[in-house]
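Asks: Below you'll find the structure I mean.
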Amino acid sequence: MNRSYVEMHLAILLAGFSGLFGKLITLNETLLVFYRVLFSSFILILIVLSIWKKNKMDLSFSKANFLLLANGALLALHWVFFFGSIQASSVSLGVLCLSLASFFTALLDPIINKTRLSLNNLALSALSLVGISLIFGIDSQYREGIILGIISSILVSLFTLFNERLVKKHDTMKVTMLQMSGGTIGLGIIILFLASFTEFQFTLPDSTNLFYLIILALVFTIFMYTLLNRSLRTINSFTVNLNFNLEPIYGIILAFLFFNESEDFNLASWMGVTLIIFSLGLQYIFSRPRKVVKVL
């Protein structure tokens, strides 16, 4: 397994932990994500300024940089729906719905990139969907959480497809910084609109929430997405989203350990885990790593 796959799987493991913050942080999902991207962008700007003399980056107002900002806003919206799904239901259901991303990627990739619809990708996605359905039986009382989770998976599919192109042309630190900044700007505009025309109230985090937000920003945002962006230079978006089907497995185990959520890992659940791992193994067989020119 090459370095890109190691970085991708470490990012997936960290992503499994990030869902826990949807329960640990008591702010609503919009404010949670706003502070997440705000703190992340602030820290990244400080890092970029500290290395500016050694490695000057093109931060001018260009089409490429605008696309990075816009994709960051898309990522922030994905997080809003993702944490909204968790707060409306449970950690395990939120990450479970997120694993539908590989299915939507298989459908959207031909539309966005003008490629042929891959029957292999659809078949592997269907196999993963069967595995996911076996892991967790969806209850009707979680309908709102399911809808938010499905929207979240569509948004992250779009983000990954667009990001696959962008990360190959720019420095990883620059990509992450501009995307976090784009998320901050995008959500800032949305919050301003909500505060002006609805009963939405902007609140500052207390000391406990502030601690969790800083950890979320440093480890589970900056570090995680730096690893993910690096891996996308040599691994295609479908493979990344398919491998992210491991995230609900990590998330369910962690939710069971930390929050005593009532998922029972019975025979059907383990059959689902086996199907997902089997689909990942088939993906490694069918896919071939692509050689690209690395951007230093």
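Even glycines carry a Cβ here, placed using N, Cα and C.
Relevant sequence annotations retrieved from TrEMBL are reproduced here:
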- 10-136: domain 'EamA' (DOMAIN)
- 145-281: domain 'EamA' (DOMAIN)
- 32-52: transmembrane segment (TRANSMEM)
- 64-82: transmembrane segment (TRANSMEM)
- 88-107: transmembrane segment (TRANSMEM)
- 119-138: transmembrane segment (TRANSMEM)
- 144-163: transmembrane segment (TRANSMEM)
- 175-198: transmembrane segment (TRANSMEM)
- 210-228: transmembrane segment (TRANSMEM)
- 240-259: transmembrane segment (TRANSMEM)
- 265-286: transmembrane segment (TRANSMEM)
Asks: Among 64-82, 119-138, 144-163, point out the range having the most Cβ pairs under 8 angstroms from the transmembrane segment (175-198).
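Replies: Top-ranked stretch among 64-82, 119-138, 144-163: 64-82.
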Asks: Does the transmembrane segment (88-107) reach the transmembrane segment (240-259), going by 3 or more CB pairs under 8 Å (6 or more apart in sequence)?
Replies: yes
Asks: Which sequence positions outside the transmembrane segment (119-138), separated from its termini by at least 6 residues, show Cβ-Cβ distances below 8 Å to it?
Replies: 92-93, 96, 99-100, 102-103, 105-107, 109, 146, 238, 242, 245, 248-249, 252, 263, 268-269, 271-276, 278-279, 282-283, 286
Asks: Which residues of the same chain, at least 6 past either end of the transmembrane segment (32-52), have a Cβ under 8 Å from a Cβ in it?
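Replies: For the transmembrane segment (32-52), the nonlocal Cβ contacts are 21-22, 25, 72, 76, 79-80, 83, 173-174, 176-177, 180-181, 183-184, 187-188, 191, 205, 213-214, 216-218, 221-222.
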Asks: Give, as a single whole number between 0 and 100, the mean pLDDT over the domain 'EamA' (10-136).
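Replies: Mean pLDDT across the domain 'EamA' (10-136) comes out at 85.
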Asks: What parts of the chain pack near the transmembrane segment (144-163), using Cβ distances under 8 Å and only residues at least 6 beyond its ends?
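Replies: Long-range Cβ neighbours of the transmembrane segment (144-163): 67, 71, 74-75, 77-79, 81-82, 84-86, 88-90, 93-94, 96-101, 103-105, 108-109, 112-113, 138, 175, 229, 232, 237, 240-241.
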Asks: Would you kindly list the residues that approach the transmembrane segment (210-228) from elsewhere in its chain, counting only those six or more residues past its ends and only Cβ-Cβ distances under 8 Å?
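Replies: For the transmembrane segment (210-228), the sequence-distant neighbours (Cβ-Cβ under 8 Å, at least 6 residues beyond its ends) are 7-8, 10-11, 14-15, 17-18, 21, 24-25, 32, 35-37, 39-40, 43-44, 172-173, 176, 179-180, 240.
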